[in-house]
Protein chains: 2
Amino acid sequence: MDNRVRDRKLRDKIVSAEEAANLIHDGMVVGMSGFTRAGEAMAVPLALAERAKKEPFRITLMTGASLGNDLDKTLAEAHVLSRRMPFQVDPVLRSEINAGEVMFTDQHLSQTVELLRTRQIPPVQVAVIEAVAVLEHGGIVPTTSVGNSASFAILADKVIVEVNLHHPETLIGLHDVFIPAQRPSRTPIPVVAPESRVGLPYIPIPPEKIAAIVITDKQDSEAKVQPPDAETRAIAGHLMEFLKHEVKQGRLTNSLLPLQAGIGAIANAVMNGFLDSPFENLKMYSEVLQDSTFELFDAGKLAFASGSSITLSNAMYKKVFADLDRYKSRLILRPQEVSNHPEVVRRLGTIGINTALEFDIYGNINSTHVGGTHMMNGIGGSGDFARNGFLSVFVTKSLAKGGAISSVVPMVSHVDHTEHDVSVVVTDVGLADLRGLAPRERARQIIDHCVHPIYREKLNDYFERACHRGGHTPHVMEEAFSWHTNLKQYGSMMPEARAAAE
Amino acid sequence: MDNRVRDRKLRDKIVSAEEAANLIHDGMVVGMSGFTRAGEAMAVPLALAERAKKEPFRITLMTGASLGNDLDKTLAEAHVLSRRMPFQVDPVLRSEINAGEVMFTDQHLSQTVELLRTRQIPPVQVAVIEAVAVLEHGGIVPTTSVGNSASFAILADKVIVEVNLHHPETLIGLHDVFIPAQRPSRTPIPVVAPESRVGLPYIPIPPEKIAAIVITDKQDSEAKVQPPDAETRAIAGHLMEFLKHEVKQGRLTNSLLPLQAGIGAIANAVMNGFLDSPFENLKMYSEVLQDSTFELFDAGKLAFASGSSITLSNAMYKKVFADLDRYKSRLILRPQEVSNHPEVVRRLGTIGINTALEFDIYGNINSTHVGGTHMMNGIGGSGDFARNGFLSVFVTKSLAKGGAISSVVPMVSHVDHTEHDVSVVVTDVGLADLRGLAPRERARQIIDHCVHPIYREKLNDYFERACHRGGHTPHVMEEAFSWHTNLKQYGSMMPEARAAAE
């Protein structure tokens, strides 16, 4: 324990999770660690959920991004959450959000703490941060994610630290905590490469702000790594061909530019695609580092990775953390404000690869809303990278639900990324390079290269009738969502085909 | 002439506009100066249009933003334009764009030259730049706008300079030309305040790249400054009240943060609103400086203004340019890449005030497309500021066409700015502060405060029926555009009221 809570006086603050949770009251705004199911505090939120069963109360919960260990589920089931931001992935919480029971604020991941710092959203009263250790001077060393933890701790009135003995002390030194100054005296963020170290390896707070310390021994949730399938392999293949062409044209070197990849099966499969690619000496400047990052390290493809969290399968966790010193000199974990910062993203020129739920013939992207109304997860960091990076790529399978859904539609039912922010779209069918094109030209590329053949004729028909009506971005407005309403009413975006088949 | 073309050898390159225009051939990509109808080259484009009448040819034309002196009209009528980016405001060109005859690429204004520099769009072959003077070493001093002129000239194979004797030499020293380095050796842009001077007062190019010089004597187009009316005054009033409240809450000081305002009557009226406000020592970090900027200087309200162009009424032009030295120490004109750069915009924390065509109950903004299909002008720089600034405000009158159109609709027919990028919306009816709210809460604010009373009940009815169906962002998808289709079919978004009245 001496190494984990290094200030003797702070050891007096070690309490049970229940006692610590008692610092949190009805109506409070609470900021918790946790980003892409990594590094979340667990004991205190579980104690909150237990208490709420006897004594109902509700809080506003802010995190970095998603929480692991079913915490959002447990908290949602206990009806502890009145408001949640900036991201979530839990089915139970999602259903409460879609029922209008939990107010969900879906934010660009770089922006939450900026809004807090400028007091444009209600202040965090209590921060609950998972740590590897609390240093002599009160500095908190985060675990597998930095997320928004640093600013939550700095801005909160009180800080509860969960010291998690499960994570090795070798994590100390991995983090790089840089906090932009208040305006108007803010200066540039000095990150000029993924490997730039510009801050402190801990969260600097005065020790007296630490109100309670809880000792835990918990594992991060295992990342569900789905193996590549035929479609995701095809998506990766199209993207690798495109990038090779860019190198051939002299627009990129063989080391490309820093890579960012969203979370999930498709993004992970795409990153796997780099294993067999001719690219060398790659770097990542991303949010989340998944199994693929370490596979690329081991294959000698990746030179450096900067992220805000590490989310791994159990097997990969064991491998990496047993030998962390081997990777440590090639890894940095940063606050998500810095990993996703428009300043740094534009300067480095990231290649952003993010997942779409659906996209339309003009290149608008829906990342969040099923059927235009029901929240899936949230926009996450995709907007930070898509707007400001060098290249903005969106990937999705061309079909869903056995062909009942085409991911390429006449008009997306919700817009998260506009036509202005999308360079390239890829499905298993193919890739459309939209750079510099006008909307009608984009439609031609997308229909010819991305839509599944079973929907191509139908989409061509829509586009032709729309062009007949005219406009820079032609649409048949009264039919723009007909594919979505068909799906809802008949269970398929192409009910006529189903009817004909029956 | 000695002062205007200072290198004697370059004086040998002085030719007629027709001769210079002969450097431009069919199929070429041409980059011309001009931003918000200020500082455009005129003689060469007019010569191009004349030549095309006898000998048809077409080019891709890139500019900073809109061109004055009806140049887009003249070029469009002569069918010289096959492709146009990144912005325009001309009715004739617009109709060719909407007919699919001219391919228009509507871009964030900060991004065009970044795409050029990284060769993601076809390279500029000839640049045509209006200048006050060409310096000894070949440096070009722009006139009333910098726009994309610097990068066009640096990246082009050949440069044609139009030296415009109409503008006084006192303009020399006003500009600050900073060009970001190529990646991966790019470092921070050192702008830390609107008044930071970080570059050169001219465009640095080797004199041998100057292929022709044309001497002109032309005036910028007069800015059409519409006086504030009851609605725009009401919009300005609501915004001033909001900003006063922010100061009271301690979120802003009495000097606010650097102001950005879009072009046009509403934005100008809002800026006029600062004349009678309690705010002092204001600064602008904007794209275009209009009459209101100089009225604020004269009233002692404004301490500094950074922009990419100066667009004035004739009366204000005469006043300002007769006495430019009085204003010069408080003015900088920058490349639009820097005036709109996400890095600088986030660092300084701009208050962005831009105009919407329409917005919806969830705070999504349509800035560009009439009826979802027909391009008006383009997104301009609004996205650079809305995504990355401190506060993103969108303004519009609540009604258009004598009440046949409500600017607040169930769902916008085209999305330029998503719900994630909009802090505050304002109409003459009132202001809705959307910060930190979930979609259903935003709808309540917008319906209660922004929609015109004649449409309020109808919008409430839509929202209630949508909520009944559920979802994070409730909609009745098959009715989402019914207001727009009503308008098209019956000439009003509320045909039932019209029918009842008849």
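Using N, Cα and C of the backbone, Cβ positions are placed for all residues, glycine too.
Per TrEMBL, the features are:
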- A:9-214: domain 'Acetyl-CoA hydrolase/transferase N-terminal' (DOMAIN)
- A:GLU287: active site, 5-glutamyl coenzyme A thioester intermediate (ACT_SITE)
- A:318-462: domain 'Acetyl-CoA hydrolase/transferase C-terminal' (DOMAIN)
- A:ASN377, A:GLY381, A:LYS401: CoA binding site (BINDING)
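All features noted in TrEMBL, drawn onto the structure.
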residue	record	Cβ neighbours (10 Å)
A:GLU287	active site, 5-glutamyl coenzyme A thioester intermediate	31
A:ASN377	CoA binding site	19
A:GLY381	CoA binding site	30
A:LYS401	CoA binding site	10
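In the predicted model, the domain 'Acetyl-CoA hydrolase/transferase N-terminal' (A:9-214) has a mean pLDDT of 97.
Annotated pair A:GLU287 (active site, 5-glutamyl coenzyme A thioester intermediate) and A:ASN377 (CoA binding site), C-alpha to C-alpha distance, rounded: 16 Å. Site extent for CoA: among the recorded binding residues A:ASN377, A:GLY381, A:LYS401, the largest C-alpha separation is 27 Å.
The domain 'Acetyl-CoA hydrolase/transferase C-terminal' (A:318-462): residue composition by secondary structure is 55 helix, 36 strand, 54 coil, according to DSSP.
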